[in-house]
Amino acid sequence: MIGVKAAIFSLVVSVNRALKRAALARYVHGCVESIDRAQCRVERNKVLSQLWRSGRVDEARQVFDKMTDKDEFSWNTMVAAYANAGRLGEAREVFYETPCKSCITWSSLISGLCRYGYDSVAFELFEEMRAEGVEATQYTLTSLLRACSSNRWLVGSEQIHAHAVKTGNDLNVYVVTGLVDVYAKCDCIWEAEYLFDVMPDRNYVLWTAMLTGYAQSGDGYTAIDCFKRMRSEGVESNQFTFPSVLTACALVLALDFGKQVHCCIVKSGFEPNVFVKTSLVDLYAKCGDLGSARIILENMVGNDVVPWNSMIVSCVRQGFEQESLSLFKTMLARNMKIDDYTFPSVLNSVASVMDLRSSKSVHSLIFKTGFEASKPVSNALVDMYAKKGDMQCAFEIFSHMLDKDVVSWTSLVTGYAHNGHYEDALKVFCDMRVEGVRPDQFVIASVLSSCAEFTVLELGRQVHANFMKTNLNSSLSLDNSLITMYAKCGCIEDAQKIFESMQLRDVVTWTALIVAYAQNGKGEESLLLYENMIGSGIKPDFITFVALLFACSHVGLVEKARGYFESMGAVYGIQPGAQHFACMIHLLGRSGKLDEAEALLSQMTTKPDSIIWKALLSACRTHKNLDLAEKAASNLFELEPTNSAPYVMLSNIYSASGRWEEAARVRRVMKTKGIGKEPGCSWFDINGKVHRFVSEDRSHLRMAEIYSKLDEIMTLIKDAGYVPDNKSVPDNKSALHDTDEEGKELGLAYHSEKLAVAYALLVVPQGAPIRIFKNLRVCADCHTAMKFVSKSYQRHIILRDCNCFHHFKGGACSCGDYW
């Protein structure tokens, strides 16, 4: 029995041992299989990574699909592969199929969305990530900040900043670098400085971001100081640092310091870098050292077009148009690849030198190379032809553009305005608004200038009001245009308000208001404003003195005018021009100092032009100096043989002196030569419609009402003491001296400005000023009549003739009857 038990025990022990050996074998086999699978997965993940990094995304997807045991790395790699390749739809499909998403999974897709411009989708995904409770890493935040920086999106960057503070990433050097970059680009340089200063450990990337921020914001001196601090702290510069500090040197024309930076570049071995060399070319060119710029340019390896473009732009900006054209010819000779940044600068040069042959050649080359479809090139073509005064070609190019932006419209509007086609400029601007294009400061300034020249106040007010509703910042040029527009439309108070609201003023600003006061009968205020300008440190220019002498001329301040005239050369080194002499001659002539006016002609270094002789002839008319009048008229007949003004003025001088035969002879000469007198015309604008009148006009639809109102006016003002000035009757009939008194009075009553004021009294609401414009000088009779009308009807009448504004109020005129 005992033996049986022993045998059974021995058998059990043997079985147990066999079972243990089998289990161990199975375990070992399982371990080996697990190791093999892990090694296989690692190998496959390695292959997967290599494939997507080499751009073979489809092959990577094939490997991915064959993997039966995908891990987190596999899924993340496939999301990153599609995202980096720009195949964002497929990236999102894999992303949402990923069983367990880590922060890397989210960051990979967000980074791809930001890289390819889907910023709003990236931010939506970021919000979804936060909702899922996944913590964003520095890579997620820096990707989003780069997107904000590219779009200058301040609100989005502030949201990321707030999140970084909450999650403790606000001292991460990469996140702070991104914040510094985006704040600087959004003109929040103070915020960028603060983040930079509180950062305990600053690497070269952060230093470069801060330095670049200063340079991009236009603060060249602070950028240079930042570079000096960076060097003093032992932080090395690289190919990104040097271009920024060179840009800063170019901004403030710090050529000497730029040369020191150039030495650092040579020592550090970054001179061959194309971005560094391009910045060096830009520095030397902008600082006027074109020789050094060209040496660097021509020693560059390869034919990179960027530095050549930079050199051409610098030459254009400094007025070296021929040099820029020479560079362009060299580029063509070297068979360089011209791009759509080259042609606009070349076209600017061609426009400046006014070379028609070169402009046609460049245009032909643009057409042959297919760049006519490029928006920047087409815009430059419109601008070039506009500057040459060929508005037909400019419009044709503009009309063939399929994709017009605000620059396209601005080029055409500005071209029309600069060439005196003010109505066309306003029509194009209205078309621009209909098309839904949002105007910028440049086009608004041109439109306001057109409103000023075309004297359309209501449209000017609308443009001003619309601009105020936008978020656009005003500019010095735009504010100056506003002052000019209101001044030329007779709204001197509005011009003054704009002036007072301006934080920055230049000589154009002050001069615009000086002219405004002078033209609106406030000569004394003009001179006081000039003294304030000098007190503020602004030096006068050529136009300022024209305005001052004009003001003195219309107030009769002879001695003041002499002082200003003499100070031009003695104090400010400004050579008097024809306009200054004309103002002085006009003033001396009106003051009865015709001998002195004639003597002033001999002081001119150039031959007197028509402006001078017109001023002298006008003075002769006032003081009936026939001999000098004949001399002035004779010169005008030679200078402007088709202009009727000198013939009419000389005829009137003869008539006023009772020399009827001579007056008739001048009229016969006019008729023989086919020279017609420019008809007097008056107009005013109400509710967007211009109403135009000529003398004895019968064409208006409401003419019966107008003549009835005019009869009422004449009766009323005669009762108030008005006496018709029959000397103002134009001597345009064969028997000038035989015209009866009643006929003369009727002729005076139906002058264009009287018809205009009659209609204005019918349609302009009580209390609103009546604004009338006339192409010729207002006659003495109409001037007197307007004073009586303003008093009898208690209306403010603003009449602008070819000389100045007349503000009639309460029976008096702002010119003091001296115009």
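All positions are counted from 1 along the displayed chain.
Cβ coordinates are placed from backbone N, Cα and C, and glycine is handled just like the others.
Listed features, source TrEMBL:
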DOMAIN    729-819  domain 'DYW'
REPEAT    71-101  repeat 'PPR'
REPEAT    102-136  repeat 'PPR'
REPEAT    203-237  repeat 'PPR'
REPEAT    304-338  repeat 'PPR'
REPEAT    405-439  repeat 'PPR'
REPEAT    506-540  repeat 'PPR'
REPEAT    643-677  repeat 'PPR'
Mind checking which residues of the chain, 6+ beyond the ends of the repeat 'PPR' (102-136), have their Cβ under 8 Å from one of its Cβ atoms? 72, 75-76, 79-80, 82-84, 86, 88, 91-92, 95, 143-144, 146-148, 150-151, 153, 156, 163, 167, 169
Could you tell me how many residues in the repeat 'PPR' (643-677) are helical, how many are strand and how many are coil under DSSP? 26 helix, 0 strand, 9 coil
Under the DSSP assignment, what numbers of helix, strand and coil residues are found in the repeat 'PPR' (71-101)? 23 helix, 0 strand, 8 coil
What average pLDDT is reported by the model for the repeat 'PPR' (304-338)? 85
